[in-house]
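S.K.: Before I ask anything, let me first share the structure, which is written out below as C-alpha cells.
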C-alpha cells in the first residue's frame, strides 16, 4: 500500500530525479524506525552458490544502489543479496541528461547512464559503514576514458580495493553505454581479462585470508556461437559464476511507445524472454560447471521461476522492483519455497 502511494508520487517526477529521491530517502531511513514503511520479514529459503550461502534466491541487480548507500535499507526489504555499483576506479559523471526513460505501458526502462559514480574509494567507505549482515556483491567496470585495450587495469584496481568488503565481485563487460566495453566479451581480450582477474583473485585470497568469488555479467545481444565461446572461456579460466543478462539494444515489444527510440539499454518486461533464452543457452554450454544468476525483465514470481527452470540458481530484479515494489521479493521467495 505504502509503495503504491510512493510510486504514484515518484512516477510524476523525472526518472533520474525520482531515483535520487528514493536513494536519499532509503539512505536516511535504512537504520531508523522509519524503515517500517518498507521492511519485510521474509522466511529464509537458503541457496548455496559460489561457496556462499544466501538467505534467499532474490537479489537486487546492480545500478539501483551505485554507491552502496542503501544496503541496510534493501536488506530490511528482504533481498537475499544486494549488488552495488557499477563502480569505476575514478569518479565520472556519466552521459548527458536526460539519460533515463520510463516506458510505462510496457513496464520497461531505457537508460544510457554511462557508469556515473563517485569512484571506488567512495564506495569502499560506504561498504565499511554497513551495519547489517547483508550479502553484498560489488559490480565493477572501467572508466569511459580508459582505452579498451587497457581496460583490465581498471577492473584490477577496483577488485583490489573492494575485495575485503565484498561477498562476491561482478565483472561488468556488458553495459551498452560505455563505448567499446562489449568488445571485452570476445576473443583474446576476454581470455586476457578473465585470466588476469583469476590471478589477482588468487593473490588477494592469500593476502586477505578469504576467497571472494568472481562472476562475469554478460549481454543478452549475443549469438549462440558467441555464448558458446564465452562459456568456454569461463570454464577454462575457472571463473566462479555468470550473471545473465544486462540490458538489450533491441527494441522488441516497445515499438511505437513514447521514448522507445531513445538510445541506451532496454530493461524491464520486454527483456524477459530474451534474457531467459540466453540463460538457457548459457546453461546448456556450461553443463553445470558454473552457476548462473538470472536477471532481466523479471516482473512476477512466474518470470523468476522461468529463469530458474532455464538454468539459473538465483535471480536479480531491478526494473520489476521499480514497477512492483518490495512485494515482488516476497512473491518470488514464496514461489521458490513452494517449488
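The backbone N, Cα and C atoms fix where each Cβ goes, glycine too.
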S.K.: Considering the FMN binding residues 62, 63, 64, 65, 66, 86, 139, 172, 217, 268, 297, 318, 319 given in Swiss-Prot, which of 29, 245 is annotated for that site as well?
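M.R.: Answer, per Swiss-Prot (FMN site with 62, 63, 64, 65, 66, 86, 139, 172, 217, 268, 297, 318, 319), from 29, 245: 245.
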S.K.: I want to verify one value. Collapsing DSSP to three states, which class is residue 62 (FMN binding site)?
M.R.: coil
S.K.: Would you identify which of the binding-site residues 62, 64 has the most other C-beta atoms lying within 10 angstroms of its C-beta?
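M.R.: In terms of Cβ crowding, the pick is 62.
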S.K.: Just checking the recorded positions 112, 114, 172, 175, 246: which sit within 10 A of residue 217 (FMN binding site), CA to CA?
M.R.: 172, 175, 246
S.K.: Let me know the most crowded of the binding-site residues, choosing from 114, 268 and counting other Cβ atoms within 10 Å.
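M.R.: Neighbour-count leader: 268.
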